[in-house]
């Protein structure tokens, strides 16, 4: 028996079937490093339109988690796809390096009593160490960026730039000093930004407190009574008993109706709508004596329950009827609404009582409770109220309450003297920061679109921004305040520039070690040098200033604005927010043109990642066991607009999809063995119809892929490319061309035609997957035939396609119909195989009974229809000629009959043909194979 294997064009490639990503990816990283890929991209990008994705800096503390990986991979997919689209898309990674978590870590290690300058030195060293660890992990993910020169907010140039940004805002009239209630953490010993507050359930003491009337005659008159015959008082409800010692007013709504209720031994003032519920809660019976609108109660005084002072009634629109009594007790030092209400009635800062110190302990001079921690004082205050007969009800409730995001401990509002960025104070051009920011939001593209309403609502309702902190490790607020007037030095902006120049040389230590006389000369004795540092959200929120036009100028031809900021959905109140405010203050517009938001990672059951639940998946584990490309493929396949579910099972599905894409690429490479595009590539008009369709289909897909990348819908790219590999290629085209590829003469038009198509598809496919499967695309690139440069990323989208011309008989619609017919035939072939009626498909002969229009189209393929259906014979007959045993199909106007071939199997092509053995020199093979071996070769036109 002759061995015809040597006469076949069998696939051959060194491209490995087994990916071995954990071992092979580090080799690719070394390749990128050795060729200086990032530098080369900047060189070839000169003169191109820029696309700037500005990196929101992760905090330099701890290992990266899966959320960090998602964020960086999304950014990398955008930067890579924009590069392939012909943009110059630099990516400068950054880190947020100042702030309390690092300071807390250093204090935990070295103690709290070390000198401030040593604390800062150790914080800087710790942050630098953390940056290096995170950097290695990000690089391992395949993220392409300027890793040799990232930005760090603690770099001297950035610290100086931040001071200059603050100076711009001072110059614009946005910065002021004020006493206001701010979020305060006792454990931090500092004010917190809104983004540092999280809400958890907390058990609290809920109390109803009686304030005896001080102006009895006025109260009687307000209710139209001649006099009060019994002791009377107003009732408040609160969940913060610790604020009662600081009570200074009582708030009612001007439009609500209030009732004076006779309860036997005394009269209670309550909102009329809540009387029934309150009396039931107190276990009392009562009768309404009279009613009055809230506005009639204005300025009537009531006595504090246990201190010798009065609390007047103020009118306030924020009072509600959803809980309590309809009257709100007001402690202006400990509530934003309380503070605003009391200030509106003329209370000066000096008159505001603030007995709680920064550590949560009452001042020693406070009667009854001095020296007590407020949470521990709560039961003592409740007991005191009961003792003086002013406690009507006490119960414990569970409610959502603000906590520190670091310490997980309850926060309070606390009025302290702080530096603020004013939201509503008029700037020098007559606009407010709030107006500027809201206008900027309207000019910003949001992905997903709902982000616009979310950020708009936050800006519209937010208070002034407290930017000062009482910590060591932070960029200083370099102000000098006059000792008598408390005013800023008249040359503040000029002095800040001098400080910035010094910080540029020696870092923030230049300010902390500065002798004021060096800058102020003889004036130094008249001024205090303040010690406050800036909120870390100001650090990151001004990177558009101190990075994009400072340490790493982006040279954007459309001004100092990023095209895109991309972060998690929590950054609407974080980095997106602070950047918007500083950009609007300094430049009058947002520092970004677009905002992309991604959701948080959860497990397959929708639960948050938690060590206690055991569902945490570290990105390092994935890269070590499966490879970064599997993680990248999962990110691309997931709709990031909502929660992103990840688990080992989900990642395994991504690995399965990866194998299908890799196997498709390997098939293309193996069948391009010996193909030199410089001399073997056929012009489109010389290619077979099926091959022209395959190239045209790839062209259409590329247009869809480009559009999906441009709109950041990576899951669409994944779905379309994966489906193309599995369905159009694996399930149709590549299956059909195997016969022609393997059995036709090596240099025949028939074979070179399908190789030309596979070459075009391979050149395109490697680019489509490059933003997603960064490592695998680079590996494929090295194996593709023809001369090529050092990296797939040094190229743009493939341009070598030829579109099917108009009027082409075997057009797109034709091949769509053929695919449907082939699917119907495959279904019946499978049924016949399962019934043991045939062995393989090539043992089958098929007759297609088709309605005239379909029959006419299928007839265009002539004898080559059998190659498309991958059967040994195929005929087309009229639908009316179909016998009773012909099978109906899902294709309208088509019935099928499959029979087992009676002919001998060709030992070379495996087709069952009547001419096998007719050539005495080749008794085991068919006439077609004889022609392909020793003749001029068969001629194919279509498939």
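Cβ atoms are placed via backbone N, Cα and C, with glycine included.
Look at Swiss-Prot and you will find 58-68 tagged as motif ''HIGH' region'. Over the motif ''HIGH' region' (58-68) the predicted model carries a mean pLDDT of 95.
Within 10 Å of the Cβ of residue 567 (L-isoleucyl-5'-AMP binding site) there are 20 other Cβ atoms, across all protein chains. In the three-state DSSP reading, residue 567 (L-isoleucyl-5'-AMP binding site) counts as strand. According to Swiss-Prot, the L-isoleucyl-5'-AMP binding site annotation covers 567.
Taken from Swiss-Prot, the feature motif ''KMSKS' region' applies to 608-612. Long-range contacts of the motif ''KMSKS' region' (608-612) within the same chain, counting only residues at least 6 positions beyond its ends with a Cβ under 8 Å from a Cβ of the stretch, are 65-66, 600-602.
Residues or ranges marked as ATP binding site in Swiss-Prot (evidence: sequence analysis): 611. In this view, residue 611 (ATP binding site) is surrounded by 7 other Cβ atoms within 10 Å of its Cβ, with every protein chain counted.
The Zn(2+) binding site annotation in Swiss-Prot covers 906, 909, 926, 929 and rests on sequence analysis. Neighbour list (residue 926 (Zn(2+) binding site), Cβ cut-off 8 Å, at least 6 residues apart, same chain): 906, 908, 909, 911, 913, 915, 916. According to its DSSP assignment, residue 926 (Zn(2+) binding site) is coil.
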Cβ within 8 angstroms of the Cβ centroid of 906, 909, 926, 929: which residues besides those meet this for the Zn(2+) site? 743, 907, 908, 910, 911, 913, 916, 925, 927, 928, 930
Only counting partners 6 or more residues apart, tell me which same-chain residues put their Cβ under 8 Å from the Cβ of residue 929 (Zn(2+) binding site). 4, 743, 906, 908, 909, 922
Out of 906, 909, which of these binding-site residues shows the lowest number of other CB atoms within 10 Å of its CB? 909
By DSSP, what is the split of the motif ''HIGH' region' (58-68) into helix, strand and coil residues? 3 helix, 1 strand, 7 coil
